[in-house]
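Chemist: Submitted below is the structure of interest, expressed as structure tokens.
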Amino acid sequence: MPELPEVEVVRRGLEDHMVGHTIVSATVLHPRAARNQLGGGPEIEANIAGLRVSAAKRRGKFLWLELIDAPSGETRPDLGLLVHLGMSGQMLIKEPDAPISPHLRAKVELDNGDEVWFVDQRTFGYWWLGDLVDGVPERVSHIATDVLDESADFSAIARNLKSRKSEIKRLLLNQEIVSGIGNIYADEMLWQAKIHPLQRADRLSLARLEELLQAGKDVMTKALAQGGTSFDALYVNVNGNSGYFALSLNAYAQTGEPCGRCGTLIIRESFMNRGSHYCPNCQKRR
């Protein structure tokens, strides 16, 4: 599943290609693409045409387009199109005569003739059109800030983590504590901070927890600079290009490879129906 850096790459692409343009029409081609929408696809199609995209925003793994009334020029958006990429969703900028993808689920046409496609092979992603509350779609108002958010309070997040008697990796994956972190970046930030994934959060100092959050920010900033992490053709930016941070991973998917710090072989253990990758020497459980 795309995590924070991958979604941010897509958001930036949509910002470049959509902001300032008016949506001429929308077409929802698969019911699952609007499965959370009251009224389904027709509700999106009927209410989005004629609106102008004023901004492309993101929180964690969710992104949305802020929409305003084009004729009136209203500058305070109260409506947004939420996009969740799911496991394999792609938002692609296409010319009108581009060959149709068999996995095209929804699309919008812009006033400059470009089309924006939502391509989703596994159909876990979706669009949702709804109200913004304090600038955030109602549907994701419960999602916490992420480590790249300028408003993120690492001290407050660290206190929240320390108050819980649970494995630190489990908490990092909880989108209501800190958002945008999935299995890849949890493993990477834990490796950088030299913390075992099963270490209980309440047994870590506040200083160590803040170091961990800073490690997450550092790792994700580097990943963003490299276009995110792509292991297959399902994750691409709006132009269809893959990221290359997979070449810089230190822990995730590095089973049997020497640790970049000490040379001990990275191991993988099952965790929450997925795998945790870590160095048994650098990341000892305390």
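Cβ from N, Cα, C; glycine included.
The active site, schiff-base intermediate with DNA feature in Swiss-Prot is assigned to P2; the stated evidence is sequence analysis. The annotation active site, proton donor is assigned in Swiss-Prot to E3, K61, R274 on the grounds of sequence analysis. What Swiss-Prot lists as DNA binding site is H103, R122, R164. The zinc finger feature in Swiss-Prot is assigned to 250-284.
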Chemist: What residues elsewhere in the chain lie close to the zinc finger (250-284), defined as a C-beta under 8 angstroms and at least 6 residues from its ends?
Modeler: 169-170, 173, 183-184, 187-188, 190-192, 194-198, 231
Chemist: Compared by Cα position, which of the active-site residues P2, E3, K61, R274 is the closest one to H103 (DNA binding site)?
Modeler: P2
Chemist: Rounded to a whole angstrom, what is the C-alpha distance between R274 (active site, proton donor) and E3 (active site, proton donor)?
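Modeler: A Cα-Cα distance of 15 Å.
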Chemist: When the zinc finger (250-284) is classified with DSSP, how many of its residues are helical, how many are strand and how many are coil?
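Modeler: Residue counts for the zinc finger (250-284) by secondary structure: 0 helix, 12 strand, 23 coil.
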Chemist: Between the recorded positions H103, R274, where is the Cβ count within 10 Å the lowest?
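Modeler: Counting other Cβ atoms within 10 Å of each of the recorded positions H103, R274, the minimum falls on R274.
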Chemist: Starting from E3 (active site, proton donor), work out which of the recorded positions listed here (K61, R122, R164) have their Cα within 10 Å, and give them in sequence order.
Modeler: K61
